[in-house]
Amino acid sequence: MATADLASSKALPFCKDCGTVLDLSADDDYASCNACGKSREMADFELQVTRSYSHPFAFQKPKYNTMKVGKTKGATINEKCPSCGHPEMMFRTMQLRSVDEGQTVFYDCEKCK
């Protein structure tokens, strides 16, 4: 009975000797430590209260401003634009697929944007 109550609660029983989480078996009246071999009676854990606290500001959203970034000018390459024939094009790369695939290259012409 004590095992079911302890197993359903949020508290974890720890070994007093080494600090390892104790193994709760539904058949035994003892909780045994897999690390050091010590065991404790399940009755030791009845009416045990566990409290946890966190800092009041631990889960606040960060207070920073996001910048709006316009289209940045990419690097240039000496490649002829297929639309207007301009001898130089801008290019930029982005990782659109998974990391094991190559980047996608985007070409833009300064003249025929």
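Just so it is clear, glycine is given a Cβ too, placed from its N, Cα and C backbone atoms.
According to TrEMBL, the Zn(2+) 1 binding site annotation covers C15, C18, C33, C36. Look at TrEMBL and you will find 15-36 tagged as zinc finger. As annotated by TrEMBL, domain 'TFIIS-type' applies to 77-113. What TrEMBL lists as Zn(2+) 2 binding site is C81, C84, C109, C112.
Where TrEMBL records a feature, it is marked here on the structure.
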residue : record                : DSSP class
C15     : Zn(2+) 1 binding site : coil
C33     : Zn(2+) 1 binding site : coil
C81     : Zn(2+) 2 binding site : coil
C109    : Zn(2+) 2 binding site : coil
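Cβ neighbours within 10 Å of C33 (Zn(2+) 1 binding site), excluding its own Cβ and spanning all shown chains: 20. Among the binding-site residues C15, C109, the residue whose Cβ has the fewest other Cβ atoms within 10 Å is C109.
Summary for the binding-site residues C36, C81, C84: the Cβ-based neighbour count within 10 Å is maximal at C81. A Cβ within 8 Å of the Cβ centre of C81, C84, C109, C112, the residues given for Zn(2+) 2, is found for these other residues of the same chain: P82, S83, G85, H86, M89, E110, K111. A straight line from the CA of C84 (Zn(2+) 2 binding site) to the CA of C36 (Zn(2+) 1 binding site) spans 77 Å. Distance from the CA of C109 (Zn(2+) 2 binding site) to the CA of C15 (Zn(2+) 1 binding site) is 69 Å. Within the same chain, residues at least 6 positions away in sequence whose Cβ sits under 8 Å from that of C18 (Zn(2+) 1 binding site) are C33, A35, C36, K38. Residue environment of C112 (Zn(2+) 2 binding site) contains 11 other Cβ atoms, counted within 10 Å of its Cβ in all protein chains. Using the Cβ center of C15, C18, C33, C36 for Zn(2+) 1, the list of other same-chain residues with Cβ within 8 Å runs, in sequence order, K16, D17, G19, T20, L22, N34, A35, G37, K38. This prediction places the mean pLDDT of the zinc finger (15-36) at 80.
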